[in-house]
Amino acid sequence: MANYSTNEFKGGLKIMLDGEPCNILENEYVKPGKGQAFNRVKIRKLISGKVLEKTFRSGESVEGADVMDTELAYLYTDGEFYHFMNNDTFEQIAADEKAVGENKKWLVENDVCTITLWNGSPITVTPPNFVELEITETDPGLKGDTAGTGGKPATLSTGAVVRVPLFVQTGEVIRVDTRSGEYVSRAQK
Amino acid sequence: MKSWQPTTTHEARVARAELLRNIREFFYARNVLEVDTPLLSNGTVTDEHLDAFDTEFNFAQSGEPTRLYLQTSPEYAMKRLLCAHSGSIYQICKAFRHEGEGRWHNPEFTMLEWYRLGFDHFALMDEVDALLQETLATSPADKMTYQQAFQTYLNIDPLSADDNVLLKAMEQQNIDIHAPQSLSDDSKLQLLFSYAIEPKIGIDKPCFIYNFPASQAALAKLSATDERVAERFEVYFRGAELANGFNELSAASEQRQRFETDNEKRRAANLPVKPIDENFLSALDAGLPSCAGVALGIDRLLMLKTNAKHIQEVINFTVSRA
């Protein structure tokens, strides 16, 4: 993988830091009038998800990270791995539990997810912003309550638990925002 | 090519023209003469962390190809005028620095530089403050020494702190850099200043920081009462380092010594040694009248005036579109 000089730093550039691929979020050039130049960089570590600030001497080079995003459809899990497929080439890739992490509760068959590959292996799986899932269990709400005040917990088919309005019942399919984990609406049939 | 268009708005261009007119009126009212000096020079700056663009001149009278340097500021040429009895002078010109671009930086920029005979750095700070009040409608500025700033915001004394104290302060401020112990003490101080002090000063009104450590004196006189500091100041306002001024060093021998020390530092850091500006040193030999001078970044001033987030909003074509 190529090396990058600090002059090439910009948001979105992928570099290696402490043996971990990272994404540059922000880059600021710091140059006191009479002093040495630095680059003050905000970085997200792609495996741990940690965001940190790092300072480089301007002109320094760092190793680039071979990181790319692919759009793949979720197929199934065999308990150990999560299997995805490229809908154009039918090529399949398996992501482990660590790469999927908390997002496993938003994986819906045939939904297209963003899989981040580092040296060809999946390191993170990002579900679509909105998914539709069936409610497998929720307390029957009071009839006639449409205001949605308070709400109640509902367990979805993947095991995810979200707060839903009282009028939504077991067996219904709802739309959820995976970024916030919040109920959006009943699914359109 | 899709980057032919300017990155400025028409309003920003009008604001620049207005600002330049205001500055010229400011100096006209104070009887300071506008001058013009060349951008190309035979000699250049020796500072370890300042690099000039250079070019080859194939038509020199010597018959030999000659290296010429674009000025990083008009300081040497303007001081030659002062030595030739020009009286107080100012100049609005382009300056060039061979370095990166950023939110506050473009390698080619517009500079306002002026010199006042008989002023010390305190009198000049007051005049810079007056210019800021007139062009940006600011309130009267705060003033603080470099030492006070470090004591207030970091609880350390920059004039006596050793390596360990500085490294510990950097750690406390979460300044995460590879091999920090290999940075010079001045670089450590400058990082601490940029990260921990600059964001806290000059918020509602400009802030002058003065009496910089002697090791960062550049072309300023050392203080007669405390040799650890130089009579140099900087102005900070809303995140911008706006201006840098000196009570000007006039001793030619001391100036030569500083240039040579710079070049030794360059040699030690494996950087090319720079040709000293002999015309400038000869002028100092002839005698620089007692004066104070300051350089102010006009693009940054304009950014503050127009609330610009990036310097490209006030420069028509930054280096990537030049």
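The backbone N, Cα and C atoms fix where each Cβ goes, glycine too.
Annotated in TrEMBL:
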DOMAIN    A:69-123  domain 'Translation elongation factor P/YeiP central'
DOMAIN    A:131-186  domain 'Elongation factor P C-terminal'
MOD_RES   A:Lys34  N6-(3,6-diaminohexanoyl)-5-hydroxylysine
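In the predicted structure, the domain 'Elongation factor P C-terminal' (A:131-186) carries a mean pLDDT of 88. Within the domain 'Elongation factor P C-terminal' (A:131-186), the DSSP-based counts of helix, strand and coil residues read 0 helix, 27 strand, 29 coil. Helix, strand and coil counts under DSSP for the domain 'Translation elongation factor P/YeiP central' (A:69-123) come to 10 helix, 29 strand, 16 coil. Taken residue by residue with DSSP, the residue listed as 'N6-(3,6-diaminohexanoyl)-5-hydroxylysine' is part of neither helix nor strand, so it is coil.
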